[in-house]
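Reproduced below are the annotations present in Swiss-Prot:
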| type | residues | note |
| --- | --- | --- |
| BINDING | 21-28, 69-73, 127-130 | GTP binding site |
| LIPID | Cys214 | S-geranylgeranyl cysteine |
| LIPID | Cys215 | S-geranylgeranyl cysteine |
| MOTIF | 43-51 | motif 'Effector region' |
Amino acid sequence: MAGGYRAEDDYDYLFKLVLIGDSGVGKSNLLSRFSRNEFNLESKSTIGVEFATRSIRVDDKIVKAQIWDTAGQERYRAITSAYYRGAVGALVVYDITRHVTFENVERWLKELRDHTDQNIVIMLVGNKADLRHLRAVSTEDAKAFAERENTFFMETSALESLNVENAFTEVLTEIYKVVCRKALEVGDDPAALPKGQTINVGKDDVSAVKKVGCCSS
């Protein structure tokens, strides 16, 4: 890594992301592909909640993503509030081969927006893009929906590692930009923030500026 070795817990920002969408759309495999570069064909539905972390570089800052994954099945919806709390980014995932999972995106978006800050960065993700011959949701329909809902959009394949890195990286980069804009809007000099100051993008301080400096370019 440029600039020398940095310890795992050495980061400038910590951003909480959530993965949502129907059960079986590939949320857990997207998470394992991004965080560990692994894919498990035998993966079962996630029971309860799990999360993984990974740090990336944005500009000259280290951004650590804490990515939460839960089953999309209705019986787990009691964990909703705690799951969303503090999230500043979300990947709303559907399966391009199952149209019903795309139809349900609207409900997932409503639930997400009911529980998070208005500035949350959202990426609509059409997963399983490797199954082109089974496609049930057109790229054009999904793009049009994303534009109407003011979200980003990308098609991915956790199996082939297609666009997985790009989807997470784009969300994290956009969150970073939002944090920087908010610091600038209130008249702060982002480079002069007191050490350890938190900038709230969401409803609590899960996503925080850990050290001095923001967007100094």
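Glycine is treated like the rest: Cβ placed from N, Cα and C.
Quantities reported herein were computed from a predicted structural model and do not represent experimental measurements.
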Can you count the other CB atoms that lie within 10 A of the CB of Gly24 (GTP binding site)?
16
Can you check which residue among the binding-site residues Gly21, Ala129 has the largest number of Cβ atoms within 10 Å of its own?
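The largest 10 Å Cβ neighbour count belongs to Gly21.
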Find the average pLDDT over the motif 'Effector region' (43-51) in the predicted model and report it.
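That stretch averages a pLDDT of 71.
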